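*Asks:* This is the structure I have questions about; it appears just below.
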């Protein structure tokens, strides 16, 4: 089944070219199905790129999904016009009265700041607090995962001496969770961050469970045991060229940056990157939508309060 998004959203044309089914609102209205209601809090600077990455993964399921794009009004956006935001994005005030099956909180290029120094931190806290009673399951990505763990559980992030940058091998730490069904024994995920969370800070918290780790990139996948919160420290949604663009961007700035590991053939930036993580990304998002959203959320979203008690 398809995702339902605004007809003129730029990401829609890209997804159509990739043969991903986009449904118009008119056609969706004729299907006697309650679609999943998913809100994406997009904190990344390049809105269109991130929209496309996430919608691509959400569109590869047998479920009909209505997508709402959410922005932080307390942040001044430099890489997208106000007209674009007004056309395609909602403010929290516009959606706070609603309930949703799922929420995705993206990463953001603010990890070197203390959480309280981020200009939209107070607004983000409001969204995360609201999600506890109005969203059935929330998927946090990269800095979004760090922010969620810090806000909900007091788990802080730590700076690393060398940027964790490249595509890293991971393994499953707990096979009991539905979220890791279908994962290979070892699988690959992109990471691009200057900070990390630590296993020893997570283990004492009885509500949380570490599902996957990497020897070199650290803790990757954490969930609340009831599936209502999922924390992903990497970027499984990344397009093939993202790390390449980040590498050349940092070089242009004169930064001391290493070639992303396990990415370019023979570590040659002139060669086309090797994509090792695509199938893992699809499985992860499919599992989250199927096991933690579709199969668990009540048919009537107004009953979410009772379902999550």
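Here the Cβ of each residue, glycine as well, is placed from N, Cα and C on the backbone.
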*Asks:* Swiss-Prot has 163, 249 binding substrate. Which one of 137, 173, 177, 192 is in the same site?
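*Replies:* Answer per Swiss-Prot: 192.
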*Asks:* Can you check which residue among the recorded positions 111, 237 has the largest number of Cβ atoms within 10 Å of its own?
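*Replies:* Sorting the candidates by Cβ neighbours within 10 Å, the top entry is 237.
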*Asks:* Quick check: of the recorded positions listed here (111, 163, 192, 235, 249), which one has the Cα closest to that of residue 142 (active site, acyl-thioester intermediate)?
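*Replies:* With Cα distances computed to residue 142 (active site, acyl-thioester intermediate), the winner among 111, 163, 192, 235, 249 is 235.
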*Asks:* Given a 10 Å Cβ-Cβ cut-off, pick out the one of the recorded positions 142, 163, 192, 235, 249 that has the most other Cβ atoms nearby.
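*Replies:* Buried the deepest by this measure is 142.
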*Asks:* For the recorded substrate site formed by 163, 192, 249, which further same-chain residues have Cβ atoms within 8 Å of the site's Cβ center?
*Replies:* 165, 243, 246, 247, 250, 257, 260
